[in-house]
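Chemist: Once you've had a glance at the structure underneath, I'll fire off some questions.
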Amino acid sequence: MIVSNPTVASHYLATVEQTLTAIGCKVDSVLIPDGEQYKNLDSLNLIFTALLEKNHNRDSVLIALGGGVIGDVAGYAAASYQRGIRFIQIPTTLLAQVDSSVGGKTAVNHPLGKNMIGAFYQPISVIVDTNTLKTLPKREVSAGLAEVIKYGAIFDIQFFEWLEQHIDDLVALEQSALEYCIQRCCQLKADVVARDETEKGDRALLNLGHTFGHAIEAHLGYGNWLHGEAVAVGMLEAAALSHILGDLTEQDVARLEKLIARATLPTISPDGMMPEEYLPYMWRDKKVLSGQLRLILLKSLGTAYVTAQATETQVLDAIRRFTQS
């Protein structure tokens, strides 16, 4: 069964259905509404209902055809239906191709927090076709570039420097730059997931900017800012906190801010969101352990670490640096 949304389905569903039918597969499909606000239990139940109505069993395969929302919801449905059926990702957004389709994180949101209901469940295959990016709105391309920049910031200074040279090519969807970028991001993520599939160690570093960013998404209401837009501002707030704690230089904070701006991403928090409004969401973050707020910060560009040493005052000061005046 193929899971998609009306927007993606209008471009690609018929092609995928025809390809599968031609090799003898029986194909059903179910569409869920388009947008982060529909990454919820209602959409999950739509998939379960379709699977049951079509009498799917443990031999069935669920195919996620779409962006990160489709991949996360369909993946969690696959992990849960009859205690697990096979699952394939066909990501159609840049963010999904470089990040969310790789590594087996699946989830739906709860009104009180993002990705709070989910499972680690690996797809049997991830199929990336960069041609799908040609129908992607420019805003979605930029949102994907936030996760691309993240990989350079946390793991690979050479890749970060390559991005400083080629970010304009990526915004323009230049093919050779895209291919290298997607391959490098997937390799970096696959390497860390192989070491730490269930996020007990290094995999947590992939969450740079996400504790701040998830607070933005939850406060505004899911879908008002794209995930990558919120992560972009979150990375800057994490960088500011890294500088406050004596690690990241002011010059490197400025380099990160410049690269994010060149990717046509926001560099300040949403209008009207006060620093103190971040904290209730941040304290619900999955990385909070034993009453300590654990954050992913930067020792330098290309090197990240986890710390619980930042005070709330320092966190608020970091947020203020990138807050609307």
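Cβ from N, Cα, C; glycine included.
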Chemist: Check TrEMBL for me: it has Glu147, His227 binding Zn(2+), so pick out which one of His166, His210, His243 it puts in that same site.
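Modeler: That Zn(2+) site, as TrEMBL gives it, pairs Glu147, His227 with His210.
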Chemist: As a test of the contact definition, list every same-chain residue at least 6 positions from Thr93 (NAD(+) binding site) whose Cβ is closer than 8 Å to its Cβ.
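Modeler: Counting only residues 6 or more apart in sequence, the Cβ neighbours of Thr93 (NAD(+) binding site) under 8 Å are Gly66, Gly67, Gly68, Thr132, Leu133, Leu136, Glu140, Ala143, Gly144.
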Chemist: Given the binding-site residues Glu147, His210, His227, find the one whose Cα is closest in space to the Cα of Gln37 (NAD(+) binding site).
Modeler: His227
Chemist: For a quick check of packing: other C-beta atoms within 10 Å of the C-beta of Gly68 (NAD(+) binding site), how many?
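Modeler: Cβ-Cβ neighbours of Gly68 (NAD(+) binding site) within 10 Å number 26.
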Chemist: Counting other Cβ atoms within 10 Å, pick out the least crowded of the binding-site residues Gln37, Thr132.
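Modeler: The binding-site residues Gln37, Thr132 were compared, and Gln37 has the fewest Cβ atoms within 10 Å.
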Chemist: Quick check on the domain '3-dehydroquinate synthase C-terminal' (144-288): DSSP residue counts for helix, strand, coil, in that order please.
Modeler: 104 helix, 0 strand, 41 coil
